[in-house]
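S.K.: According to TrEMBL, the protein carries these features:
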DOMAIN    25-174  domain 'APS kinase'
BINDING   GLY32, LEU33, SER34, GLY35, SER36, GLY37, LYS38, SER39  ATP binding site
ACT_SITE  SER106  active site, phosphoserine intermediate
Amino acid sequence: MIPNCFRHRHAIKKVGRAEQKNQSPCVLWFTGLSGSGKSTLAGAVDEYLFDLGCHSYLMDGDNVRYGLNRDLALSDEDRAENIRRIGEVSKLFVDAGLITLCAFISPFAKDRNRVRSVLDSGEFIEVHVSTPLEECKQRDPKGLYKKALKGDIHNFTGLDGVYEVPVRPEITIDTTGSTPFECAEVIVEYLRNKRMIPDMGNVSMGM
Ligand SMILES: Nc1ncnc2c1ncn2[C@@H]1O[C@H](COP(=O)(O)OS(=O)(=O)O)[C@@H](OP(=O)(O)O)[C@H]1O
Ligand SMILES: Nc1ncnc2c1ncn2[C@@H]1O[C@H](COP(=O)(O)OP(=O)(O)O)[C@@H](O)[C@H]1O
């Protein structure tokens, strides 16, 4: 309760927006180590959904840190605030009827569970991108593991920083040895099976 602030009840509701878009809005929450494939995979799912005519939007850790969360660093406290804010933004996007894709390391179970708790039942779909640390280190797409192992970055997730593995994620996907498109198909199939998107056949992408 905030003093002197009152909630407005607007005429157009989440259910109406979802019906108009012919889909069940939800949050696909990609969590995993740096280099596990969160951004690449979330991007592939976003493209797949776009080509199917679904309405989605992708929020990515690195990008959000250039704008909305530019005041936050990577201390444990700032990471918690990062995820809290993204959780609230995701709730707004779900209210707008969108399939919302979030790609954040989100190392702490408490922070991920808080996002789950601000959404309605079934709306939070936790996708653990479980690619092993050794594979992530080998990929090292941004050269961050190299820097962290040299001691130039501290509290690096998976090395000297904590990553709490999800206990009961809706989806677990190790991207080792598969293409982003193959991994994206697994996630789109999950949405189809749950009847969250219409069954409109497959798309073919040059990935
Ligand atoms: N100490 C440390 N540990 C892990 N990652 C680090 C660190 N410092 C910078 N980076 C880079 O910041 C990106 C993490 O941003 P996130 O918003 O996803 O992190 S978090 O969810 O708030 O923990 C992360 O993005 P990804 O590599 O895409 O995962 C890194 O590029
Ligand atoms: N099946 C796959 N899905 C996602 N990324 C993959 C896959 N196979 C290989 N990769 C590579 O792994 C790296 C993942 O980087 P990125 O998506 O930035 O990870 P994260 O967002 O988790 O830090 C990229 O270089 C990507 O090309």
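Note that Cβ sites are derived from N, Cα and C of the backbone, with glycine treated the same way.
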S.K.: Just jot down the residues in the same chain as GLY37 (ATP binding site), at least 6 apart in sequence, with C-beta under 8 A of its C-beta; none if empty.
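M.R.: Correct list: VAL129, THR131, THR175, PRO180, CYS183.
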S.K.: Run through the Cβ atoms and count how many others sit within 10 Å of the one on SER34 (ATP binding site).
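M.R.: The answer is 25 other Cβ atoms.
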S.K.: Note the Cβ centroid of GLY32, LEU33, SER34, GLY35, SER36, GLY37, LYS38, SER39, the recorded ATP site, then list each other residue of that chain whose Cβ lies within 8 Å of it, in sequence.
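M.R.: For the ATP site the neighbour list reads PHE30, ALA103, ILE105, VAL129, THR131, CYS136.
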S.K.: What Cα-Cα separation, expressed in whole Å, is found between SER39 (ATP binding site) and SER106 (active site, phosphoserine intermediate)?
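M.R.: SER39 (ATP binding site) to SER106 (active site, phosphoserine intermediate), Cα-Cα distance: 13 Å.
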S.K.: In angstrom units, rounded to an integer, how far apart are the Cα atoms of the residue listed as 'active site, phosphoserine intermediate' and GLY32 (ATP binding site)?
M.R.: 7
S.K.: Pick the one among the recorded positions SER36, SER39, SER106 whose Cβ has the fewest other Cβ atoms within 10 Å in this structure.
M.R.: SER39
